[in-house]
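Enquirer: Here TrEMBL flags 78-461 as domain 'Amino acid transporter transmembrane'. Positions annotated as transmembrane segment by TrEMBL: 85-104, 110-130, 156-178, 198-219, 226-247, 267-286, 298-318, 338-360, 381-401, 407-429, 441-460.
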Amino acid sequence: MWNQIQKSIGKLPCPEADSLHRQSIQVETETVHGEKLALQCMGCDACVENKGCMCDHSTQDLKSVVNEADVEDHTEANSSFAHSVINMIGMLIGLGQLSAPYALENGGWASALLLVGIGVICAYTSLLLGKCLEKSPRSRSYADIGQHAFGSRGRVLASTFIDVEIFMTLVSYTISLHDNLITVFAGTQLRLLIWTKLYTSQLLTMIGVLIALPSMWLTDLSSISFLSSGGILMSIIIFTSVAYIAIFQVVKANHSIPVLHLHKIPAISGLYIFSYAGHIVFPNLYKSMNDPSKFTKVSIVSFASVIALYTSLAFTGAKLFGPEVSSQITLSMPRHLIITKIALWATVITPMTKYALMFAPFSVQIEHSLPDSFSSRTKTIIRGAVGSFLLLIILAIALSVPYFEHVLSLTGSLVSFSISIVFPCASYIKISSAQLSKLSLILNATLLAFGLLLGVAGTISSSKSIFTSLKRDHSA
């Protein structure tokens, strides 16, 4: 549903919507994949909220607009090459940055070939999405490509992938909030009289989520969307912190990295793929470019930059902290440093600013599935209540399964491989089957099989790790 709303709004001749779209693309330089999508689905806020705006459809009901299949595409595309590169890099640098050193240490230095290889494959599949858009000019989103390739079932499948990724990413964010709060408030003791079994870390996480809970009731998400720019700032702080520690030898980089732990490859492949999974917004980026023919160069430059960043950060963190490196690099840095404290607080605050924005697709879907007879106040109450309920479910899951590396690996294996490799390859083969050479068909079919194989193996491995950890903690 929200994909239809996004598609229709993007096609309306609305100066305000176009301006907000360009602003949201800028703001999308963010760590978590779900939020990037959330910002885009807002489109013209006045339209989504059915308020008066500068559009020539200000008196129309949004649902009737959504049903207009033949609305012409008048959206102005103004993103330059440099602007698009910055946006794509921002989309790719994300939550996976925290786990890169951990993944390399556990997989061995030879697994860096997998880190680079997956990055190259994801760069290639981003180009496949661009080719799919060339063959279907009316397609504007990831879900549109799914529909063009496989019909309504393709749209449903693509939307399901996206929704699951948003949900699981929110769980990962909440676990990260939990882990970093423990470090920030080390030594603090809290007890709830009515529920003494709750640990201090759990109470702190509950307080953090409760602080963020009122944001689920906001209807004008553009008023807080600027907070998402903090994601790129967090990435800069983390990288700067690790570089500072290495350059000034606060910690000696004298740990040796093992060559290869083959049995851990399925699990860490999920961590690696999650780091590159920005494909759900690449179609929107493509459409925002004033010269889409340069999309190939944009992808090459962006992925090359991010691959270099992740690889250097992974090796530096692994050399600095060795086997003791945490699944989140911020938890391994010397706590007495001011720059470490800043990095920890940035990692704590970031999840609390993301919930409402990442829930935007669900909020729009909920609101526009309600009967027209409901007042705007009733709709706001319902969407706020449902959003709050889902956030509490996410909190419960995060506290029940507080294993950041395993949940992030499961997210990458279960969803990101499908979104970033399997689905683009399958869609391209389907859409371009008549023009594909035998060599191209073999290449894309091989990559599709590669994505499926690692996705299944990683899902099994990370699921086993979660169950093993749960069993161990329950026994303890």
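FYI, residue positions are counted from 1 along the chain as it appears here.
Positions of Cβ are set from backbone N, Cα and C atoms, glycine also.
Note that TrEMBL annotation is computational and uncurated.
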Enquirer: Check for me, if you would, whether the transmembrane segment (381-401) reaches the transmembrane segment (267-286) - at least 3 Cβ pairs under 8 Å, residues 6 or more apart in sequence.
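Expert: Stretch pair does not touch.
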Enquirer: Looking at the transmembrane segment (338-360) and the transmembrane segment (110-130), are there 3+ C-beta pairs under 8 A, with each pair at least 6 apart in sequence?
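Expert: Result for the transmembrane segment (338-360) with the transmembrane segment (110-130) is no.
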Enquirer: Check the transmembrane segment (441-460) against the transmembrane segment (110-130) for contact, please; criterion is three or more CB pairs under 8 Å, pairs 6 or more apart in sequence.
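Expert: Counting Cβ pairs under 8 Å, at least 3, so yes.
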Enquirer: Go through 85-104, 156-178, 407-429 and flag the stretch with the largest number of C-beta pairs under 8 Å relative to the transmembrane segment (110-130).
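Expert: Answer is 407-429, with the largest number of Cβ pairs below 8 Å.
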Enquirer: Of the listed stretches (85-104, 156-178, 198-219, 267-286, 298-318), which one yields the highest count of Cβ-Cβ distances below 8 Å with the transmembrane segment (407-429)?
Expert: 267-286
Enquirer: With a Cβ cut-off under 8 Å, give me the same-chain residues at least six positions beyond the ends of the transmembrane segment (85-104) that come close to it.
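Expert: Tertiary neighbours of the transmembrane segment (85-104) are 25-26, 28-33, 36, 79, 111-112, 115, 169, 172-173, 176, 231-232, 235, 238-239, 242, 257, 268, 271-272, 274-276, 278, 281-282, 285, 298-299, 301-303, 305-306, 309-310, 313-318, 320-321, 325-330, 332, 347, 404-405, 408, 412.
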Enquirer: Apart from its near flanks, which chain residues at least 6 from the ends of the transmembrane segment (267-286) lie with a Cβ under 8 angstroms of it?
Expert: 10, 25, 28, 33, 36-37, 40, 79, 84, 87-88, 91-92, 94-97, 99-100, 102-104, 106-107, 111, 114-115, 118-119, 122, 125-126, 129-130, 133, 139-142, 144-145, 161-162, 165, 292, 295, 298-299, 303, 306, 310, 405-406, 408-417, 419-421, 423-424, 454, 457-459, 461-462, 465
